[in-house]
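Participant: This structure is in C-alpha cells; I'll ask about it shortly.
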C-alpha cells in the first residue's frame, strides 16, 4: 500500500507540480484547495492517471475550526498521513506604510497560522503511526532575506522557518523530519503582475526564473527514504539569489 501525502494549496502552480511529482514517485495524494475545487479535482484525476490514489479536501487553512474538522474527519476515515507539504499561502504586497490591517492579518493568518491549523490536528496521528514521516514547508526567499513591499509576507515565511526548525527538534527522535523549501522567483500562472520581474532577474546569478517542477524535485527528495537524516534544514531553490 502506498503512503499518503497531504499537499495544501495544490490545485495549481507549485502545489500542483509537487502533487504530480510525488505521485510519479509512488505516493497517494490528498489534494487541497480553498475555493478552486474544479482545478483540484483535475489535479486529483491527473494523479489517478499516474496510477496513484487521490482525493480532494476543501477548506480554508486560515480557519482553525474548519481545518481541524476536515482534517480530523479525513484521518479518521483513511488513516494518518505519512507526509504533509504546507504549500498554501498568499500575498498582499505593498510598502509598509500603505499596508492595511487586513493586508497584515490575512497574510499572517493564512501563511503562519496555517502552519498550526493544518499540522496540529494531524500531529498525534502521525506520531502514533510509529513510523517514519515527513513534513515539508514551502517558505520563500522573502523569509530568508526579506523583500521590499513584502514585510507581511516576509514575516509570515520567516515565522514558518522558525516554527519548522523548532518542530524538527521535537519530532526528530520519532523519525519524522521537518524541513523547508524556499523558492525564489518561480514561473507560474499565478505570478503577481506587480512583481518587478526584470529587476529581480538582474539579481539572480542563474539569470532566469525557476520552474515549479524544480521546486517539486526538492520536495520529492525530502519526502524520500534517503532523506531520513535531513531535518531542520532550509533548501533554497532560487538560482543563487541568496
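Including glycine, each Cβ sits where the backbone N, Cα and C put it.
Below are the features listed in Swiss-Prot for this protein:
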type	residues	note
ACT_SITE	153	active site, proton acceptor
BINDING	9, 10, 11, 12, 34, 60, 61, 87, 153, 154, 155, 156, 157, 186	NADP(+) binding site
BINDING	140	substrate binding site
Participant: For residue 61 (NADP(+) binding site) and residue 140 (substrate binding site), what Cα-Cα distance in Å is obtained after rounding to a whole number?
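Facilitator: Between the alpha carbons of residue 61 (NADP(+) binding site) and residue 140 (substrate binding site) there are 18 Å.
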Participant: Might you list, by sequence position, any residue in that chain lying six or more from residue 9 (NADP(+) binding site) with a Cβ less than 8 Å away from its Cβ?
Facilitator: 15, 32, 33, 34, 61, 87, 88, 89
Participant: A 10 Å Cβ contact count, applied to the binding-site residues 61, 155: which residue has the minimum?
Facilitator: 155
Participant: For the binding-site residues 34, 157, which Cβ has the most other Cβ atoms within 10 Å, all shown protein chains included?
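Facilitator: Neighbour-count leader: 157.
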Participant: What's the CA-CA gap between residue 11 (NADP(+) binding site) and residue 140 (substrate binding site) in angstrom, rounded?
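Facilitator: Here the two Cα atoms lie 19 Å apart.
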Participant: Could you tell me the maximum Cα-Cα distance in Å between the residues recorded as binding NADP(+), namely 9, 10, 11, 12, 34, 60, 61, 87, 153, 154, 155, 156, 157, 186, rounded to a whole number?
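Facilitator: Overall maximum Cα spacing for these binding residues reaches 25 Å.
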